[in-house]
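S.K.: For reference, the structure I am asking about is given below.
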Amino acid sequence: TRVESVSQQERVISLEILLTVLEEHEGSEWGSQEWADLLPPEVCSLLNPAAIYANNEISLRDVEVYGFDYDYTLAQYSDTLHPEIFSAARDILVEHYKYPEGIRKYDYNPSFAIRGLHYDIQKSLLMKIDAFHYVQLGTAYRGLQPVPDEEVIELYGGTQHIPLYQMSGFYGKGPSIKQFMDVFSLPEMALLSCVVDHFLGHGLEFDQAHLYKDVTDAIRDVHVKGLMYQWIERDMEKYILRGDETFAVLSRLVAHGKQLFLITNSPFSFVDKGMRHMVGPDWRQLFDVVIVQADKPSFFTDRRKPFRKLDEKGSLHWDRITRLEKGKIYRQGNLFDFLRLTEWRGPRVLYFGDHLYSDLADLMLRHGWRTGAIIPELEREIRIINTEQYMHSLTWQQALTGLLERMQTYQDAESRQVLAAWMKERQELRCVTKALFNAQFGSIFRTFHNPTYFSRRLVRFSDLYMASLSCLLNYRVDFTFYPRRTPLQHEAPLWMDQLCTGCMKTPFLGDMAHIR
């Protein structure tokens, strides 16, 4: 029966029940027993941080060839690398771009930004955008200061919506907005925010486009000049994580007759030292093809760059490449020649990378390869999701959302008072849940209720995603991954979204059964 047809008597009974619920919940923290009544046994340990999650059905039995990026895929780096990138780029701004000395007072804050944020260059706004192009209010920052919601809406013509033509393009770079998609972008976002903060705090005039370009160029210089490579090479133990697990993954695949290849933008000397540290001096014998300085993503689209062979010292050969040999090192090239020379095509190839645009998008959409995204943040986010605090907060949010939807038809004074109280509490709970992940921007996967723009791209460009390559060790090499069927809105049962695997009990559902 529709809510509108509920009798006046039923409505009064329902309101009495819901008011009692509200009074019991308001102003007090529920004890473990009360929450236990809402949460099924072991619901807070449903998700495994070491699991692989599927966006698309894929059987590893059908995969004959495995490909890998290097940085943040084969080689996982410690977070201690980020402060050094930040500090080096900050000093480059001061010493080479002649930025104010006062910028040196800023240190890297690892808790400030998250991956997947957008930056509006002309407005100097760093913000989180959802899958429908809406800015999540409360997540817009100019420098290190939050921008009021009213100002954000005014800046975009009275709406939270960012038009498609302004949004980042296929590779995350639009005409005026850029999306930060890789893990290396965390120190870049932090530095950009600190520099803007200094200029605004000292009343210095600046051109937003020039400042943005200078900061990104300074970050680029850290990579181009080889500073980051030098730090890692000097102390592999400090910076490279899970090297033994990478070795285990590669050895296991080779032992089962799989062919392996490596395509990376990093230089050979750096990759060689890292792989020797993780795998050993004979690491190249595990790979059928090794390509360095590939210049992704143009490697996947530009047919003009030929492969060149490198010798042991990194010197270039001038002979024409007619086949790609095992144990040899190749530089640049392009995917079209790669496909012609290897005949590795379609869904029998599975490629892993950490950058959704540069590593995975073209391979999935243009060439039909299967793809796996490495998302290091996934491990921490799942651990937060598994906490009782998160589960309790989300369960009550969902209950309030359902109550608001069901009872909004009643517009008498008493009903409006109850609805206003629920709206206020729901918003407070959403902010609490957001702050569990990151105080400024929340989870990289969700806005308050919608997927983020990052999540949208993750689902579109990857068949599988996981926290690290070592997650493969938890599965047989012929394992089939089945994505869970998540309900579309018209398939959801009544008004209550089911959490996790759908086993969540709806709070007070029994009491409300009579108003259905």
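The backbone N, Cα and C atoms fix where each Cβ goes, glycine too.
So TrEMBL lists these for the protein:
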ACT_SITE  Asp69  active site, nucleophile
ACT_SITE  Asp71  active site, proton donor
BINDING   Asp69, Asp354  Mg(2+) binding site
BINDING   Asp71  GMP binding site
S.K.: Excluding near sequence neighbours, so keeping only residues 6 or more apart in the same chain, what lies with its CB under 8 A of Asp354 (Mg(2+) binding site)?
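M.R.: Non-local contacts for Asp354 (Mg(2+) binding site): Asp69, Asp71, Tyr72, Thr73, Asp182, Val183, Ala373, Ile374, Ile375, Pro376.
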S.K.: Counting every protein chain present, what is the number of Cβ atoms, excluding its own, within 10 Å of the Cβ of Asp69 (active site, nucleophile)?
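M.R.: Result for Asp69 (active site, nucleophile): 25 neighbouring Cβ atoms inside 10 Å.
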S.K.: When a 10 Å sphere is centred on the Cβ of Asp71 (active site, proton donor), how many other Cβ atoms does it contain?
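M.R.: Excluding its own Cβ, the number within 10 Å is 23.
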